[in-house]
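Over in TrEMBL, the protein carries these features:
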type	residues	note
ACT_SITE	Asp217	active site, proton donor/acceptor
BINDING	Glu22, Asn165, Asp217	divalent metal cation binding site
BINDING	Arg112, Asn114, Glu132	substrate binding site
DOMAIN	20-277	domain 'SMP-30/Gluconolactonase/LRE-like region'
Amino acid sequence: MCPQKQMAPQLQAVTEPVWLGEGPHWDHNEQALYFVSIFDETIHKYVPETGKHTRSKLDGKPTFIIPIEGKKHHFVVGLNRLVVEIQWTGEDQTARLVRTVAEVDQDNPNNRFNDAKADPRGRLFAGTMGHEYEPGKFDLKKGSLYRIDPDGSVHRLESNIDISNGLCWDLQRSAFYFADSFEYTIRRYDYDVETGSIANAKTVFKYSDHGLEGIVDGMTIDTDGNLWVANFDGRQVLKIDPRGGKLLQKIPIPALQVTSVTFGGPDLDQLYVTSASMNRGEEQLPPCGSTFRLDGLGVKGHPNVNVRLQ
């Protein structure tokens, strides 16, 4: 009997292009994908069942959007250096600012948030980055990584960061994964789920060890403990085993600037991939900037966690 050949993953662009798509969050209850376009100053919702894609403009650069636990149509959004609560029914141009939850990096007023996610207990982990004074050129070592607890208290976990990215947890192995993009590496921390503290950072994957171009952008983790990493400026998504520092798979994406990934779909076995269409000396034509869906990967992710706020 011939061994069964595994089919290649199927890729489809599911939204029209945006300028800088980022921060995808699959809402399992709504069966909808939320994401942002930072330079368009818009938040987005995509419903696969209907194909409907809606957006709403905000007053500032939104960098992430995550539902708030127990408050339907309420979200935390990173807006420049603020964490704000907004109300949004998901219809076009209907988002409303409710309140400011927290402000960070007062000593670096040109900073902004970048990546963020809720940890397994609903605490918000959110990282910042320095000012981008030209496309692709940044004030370095100005960013930090924060944890914002349900009571709104802000805790700085790391500083001296270029661009905060990644952020995912492996509860089974008490691990937290994080990337400072310009290090071209992935860090692992010991993670305490009871307190939300991280400690003992170590590098578990280096791009240079595998001949990879581009930088580490957003990532997620599957139920096997493997990381799925957006390779910005690399036209691909990487599957990585962080326990052995192994590169397991490279999946081409028809966009140079792949920004982030999250698992979604009814069975959490589809990978949604955001991208950008920034012109940094070369025009990025469609489908660059689209959000893509990868099917047939043969793995599943964990449900994304909502933020808990008092």
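Backbone N, Cα and C atoms are what each Cβ position is placed from, and that goes for glycine too.
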Long-range same-chain neighbours of Arg112 (substrate binding site), Cβ under 8 Å, sequence gap at least 6? Lys61, Thr63, Gly78, Asn80, Arg81, Thr128, Met129, His131
Identify, in sequence order, the residues in the chain of Glu22 (divalent metal cation binding site) that are 6 or more apart from it along the sequence and have a CB within less than 8 Å of its CB; answer 'none' if there are none. Phe35, Val36, Ser37, Ile38, Thr63, Phe64, Asn114, Asp115, Gly218, Thr259, Ser260, Thr274, Ala276
Which listed residue (Glu132, Asp217) has most other Cβ within 10 Å, given these are recorded positions: Asp217
Non-site residues, in chain order, whose CB comes within 8 A of the mean position of the CB atoms of Arg112, Asn114, Glu132 at substrate: Ile38, Lys61, Thr63, Asn111, Phe113, Thr128, Met129, Gly130, His131, Phe138, Ile163
For Asn165 (divalent metal cation binding site), what is the tally of other C-beta atoms lying within 10 angstroms of its C-beta? 27
Suppose the divalent metal cation site is Glu22, Asn165, Asp217. Which further residues of the same chain have a Cβ inside 8 angstroms of that site's Cβ centroid? Gly23, Asn114, Asp115, Ile163, Gly166, Ser181, Gly218, Ala230, Phe232, Thr259, Ser260
For Asn114 (substrate binding site), the number of neighbouring Cβ atoms whose distance to its own Cβ is within 10 Å equals 26
Across the domain 'SMP-30/Gluconolactonase/LRE-like region' (20-277), the model's average pLDDT, rounded to a whole number, is 97
Any idea what the Cα distance is from Glu132 (substrate binding site) over to Asn165 (divalent metal cation binding site), rounded to a whole Å? 15
Taking the residues the record says bind substrate (Arg112, Asn114, Glu132), how far apart in Å are the two Cα atoms that sit farthest from each other? 12
